[in-house]
Amino acid sequence: MSELTTGRFSISDLDNVQITINNIVGAIEKQSDDIDVEMGPTVKPGVSSLRDWDHNILDRYNPVYTPMCDQCCYCTFGPCDLSGNKEGACGINLEGHNAREFMLRVITGAAAHSGHGRHLLHHLIGLYGKDHPLDVGATNIIAPNVQLVTGVQPKTLGDLDSVLSYVEEQITQLLAAIHVGQEGAAIDFESKALHGGMIDHVGMEISDIAQISCLDFPKSDEEAPLADIGMGCLDASKPTLIVIGHNVAAVTDIIDYMEDKGLNDKIELGGLCCTALDMTRYKTGDRTLPRAKVVGTLAKELKTIRSGIPDVIIVDEQCIRADVLKEASKLMIPVITTNDKVMYGLKDRSNDSIEDILEDLTTGKEKGALMFDYVKLGELAPRLTMMMSEIRKQKGIKALPTDEELKELADSCVHCLKCEVACPNSLPISEAMTALSEGDLSKFELLHDKCIACGRCEYACPKDIDIVNVIEKSSQRVISEEVGKVRVGRGPISDPEIREEGVNLVLGTTPGIVALVGCSNYPDGTKDLFTIADEMLRRSYIVVVSGCSAMDLGMYKGEDGLTLYEKYPSRFKSGGLLNTGSCVSNAHITGAVIKVASIFAQKNISGNYEEIADYTLNRVGAVGVAWGAYSQKAASIGTGCSRLGIPVILGPHGSKYRRALIAKPYEEEKWKVYDARNGSEMQIPAAPDYLLTTAETVEEMMPMLAKSCIRPSDNNMGRMIKLTHYMELSQKYLGIMPEDWYKFVRTETDLPLAKREKLLKILEEEHGWEIDWKRKKILSGPTMKSDVSAQPTNLKRLCKEA
């Protein structure tokens, strides 16, 4: 090889020359700007780096498994019967197998988010370049999850690339452990699941800060505009384009084309699932009204298609029904897929002319097309929508049954109840069919909101009744009135908001953060979300929402005719209701907790995961609720919260994830921590007494929310406020005083002021506490001391004597 020499050359006379410089050999890395930043002990942790922390919390919060079957079918040695403590051919037992199953769910969810992030980041770098600056609003901590886990403080799109490579590497290593003949211990499968959950929050954060920075989304904006939501907000008389999925990359070109051609008032543009939320965020950074409407969640997909309203459907990725193409083609609705994760067997038309594609789709020669060229898609989708609207009208495409057909369907029901057995929520379909036969639509109108439109009832029906169609036809009146408001996703919580509220959260005077996240698999419709949020907002909790929960919360109105978004401020403060955005914006919720530790407590967060998780568990009153969780992504989001010390409550369907993390409050030794001031042991309250659990009803969950926000660091005012809510919610929803309320009392000033004397009497008579009645003071009885200067920690190394 010849030796390289120095020299010069000129390109001034050359045309069409492009020079690309990647990494310059010997150049000082840009991160040298942060050379003085102190790094924690776990920068870019591997699978085993935080194992000690995981084992620490798993020692208190024990895994509880609820297997769906006793078999393992992973390899050709099997299937193996693991019941009765038997081992499979590879040596694994039922505990280990179920831990492995849960871990697989978690890393599947993490892969979905990081795959989304990789696709989106690649797309945005192609449009804006690696040097495009990151801007998420008023903050010095742009990416708290990224910084906490990797130590990287990203400033440009290019900085996110290496972090995402780290995420992808970790997911690969975790997936390798799933293979037969690898890990065998349940506790280490659990540790790996927790690692996958943590990694998921990094992947989500990358996805959202990239799109916020490039697509003119609101940036930590508490005054983000309101968007229309609901099937009733669509004007069915116009050509209608519906987008389904979670990745907004393809849709932005459609919105731009429609705006450039003056089509905003001529075409209805609506979305389902998180793409809908991100469509409303696009180009609303200046508080411009959204250009799109939100139709609803996954539970509205089949309903929307069966309505016949869409003229064209675009899908991207995640939470999309596998039968969209089949259902849409019945009604002559072309489907365009835009992402390699969902292709439906369609031909790739990315290199074909728009005219040829229009010809094939409008004539019905093809049911749909695969399109990776988003600029071409931007023109194709609106033009196709307008053409298909006319064609479908001319052909008289009929979707829902007529009134006469509806009566015939109801009369054909034999009331075998097979539909109700198949229904995930056991909805009273047979009773509604009887009422419909008598001309009463009200029973089905009630079922419309509760039906998740999974379609299982139709496959169970021996009379082949399209039950979803019956529900929707019977509910046309309520559907037409289904018009709500949802706050456009505001993005992260700003530094000024954290500075203002951090001290109140740690001391307990703001009783806590309640995060309503996750999917739409609710046991009793969307009203449950309204009930939860309204109750906690009235009690001055901070309520943060995202994804499907954020959408469905806007579907219900109170007696005043307003949604909660219209009643409560969108600021991170006591009594605030914040919509952070789509699924990937969940990272901003954990990010806010991390920022509390950094900004209020002045903790170093760079590569310092264990200490911040310890701080969260002991000091920050926060609880997550995934009331309708259904997906693997919901499992990974919740597990990431668990590792960070944030407890999560799932709805009744959450037991199908097959694993919970539940502590035993009566094991007093498990409820001791160190006081970092001197290393001495201190007793703490048994709260939270789970990191992941399920609740059967809203009534059961309500007092759990208040209890889950109690922390050892509460001052007397904070503990009094939290204990008041815990006791009142238990009495309101369960009709009883909580059995363990007295265990959270350290001194008389912890007691609710209005009931202090009555409660002191109960403490004396029923629990044997000694009371000085003259001064109304507790002399003896509490197992914990009130010491607001105490510094509770699970980590011995953080104690001063260490």
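Here the Cβ of each residue, glycine as well, is placed from N, Cα and C on the backbone.
Positions annotated as [4Fe-4S] cluster 1 binding site by Swiss-Prot: C69, C73. In the three-state DSSP scheme, C69 ([4Fe-4S] cluster 1 binding site) falls into the coil class. Neighbour count (other Cβ atoms within 10 Å of the Cβ, all protein chains): 11 for C69 ([4Fe-4S] cluster 1 binding site).
Here Swiss-Prot flags C72, C75, C80, C90 as [4Fe-4S] cluster 2 binding site, drawing on sequence analysis. Look at C75 ([4Fe-4S] cluster 2 binding site): DSSP puts it in coil.
According to DSSP, H113 (CO binding site) is assigned to a helical segment. Taken from Swiss-Prot, the feature CO binding site covers H113, and the record attributes it to sequence analysis.
Less than 8 angstroms from the CB of C519 ([Ni-4Fe-4S] cluster binding site) sit T297, L298, C319, G547, C548, S549, A626, G628, A629, Y630, S631, A634, each of them six or more residues away in the same chain. What Swiss-Prot lists as [Ni-4Fe-4S] cluster binding site is H246, C274, C319, C519, C548, C583, and the listing cites sequence analysis.
The annotation [4Fe-4S] cluster 3 binding site is assigned in Swiss-Prot to C413, C416, C419, C461. A sphere of 10 angstroms centred on the C-beta of C416 ([4Fe-4S] cluster 3 binding site) encloses 13 other C-beta atoms.
Within 10 Å of the C-beta atom of C454 ([4Fe-4S] cluster 4 binding site) sit 19 other C-beta atoms, taking all shown protein chains into account. Secondary structure at C454 ([4Fe-4S] cluster 4 binding site), as computed by DSSP, is coil. The [4Fe-4S] cluster 4 binding site annotation in Swiss-Prot covers C423, C451, C454, C457.
Applying DSSP to the domain '4Fe-4S ferredoxin-type 1' (404-432) sorts its residues as follows: 18 helix, 0 strand, 11 coil. Marked as domain '4Fe-4S ferredoxin-type 1' by Swiss-Prot: 404-432.
What Swiss-Prot lists as domain '4Fe-4S ferredoxin-type 2' is 442-473.
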C319, C461 as binding-site residues, winner by CB count within 10 A: C319
C75 ([4Fe-4S] cluster 2 binding site) versus binding-site residues C69, H113, C274, C454, C461 - nearest by Cα: C69
Residue with minimal Cβ packing [other Cβ atoms within 10 Å] among the binding-site residues C73, C548: C73
Least Cβ-crowded entry, counting other Cβ within 10 Å, from the binding-site residues listed as C75, C274, C413, C423, C583: C75
10 Å Cα neighbourhood of C80 ([4Fe-4S] cluster 2 binding site): matching binding-site residues from C73, C416, C461: C73
Spatial separation of C274 ([Ni-4Fe-4S] cluster binding site) from C90 ([4Fe-4S] cluster 2 binding site) - C-alpha basis, Å: 41
Nearest-integer angstrom distance between the alpha carbons (Cα) of C451 ([4Fe-4S] cluster 4 binding site) and C416 ([4Fe-4S] cluster 3 binding site): 19
Least buried by Cβ count (within 10 Å) of the binding-site residues C80, C451, C457: C80
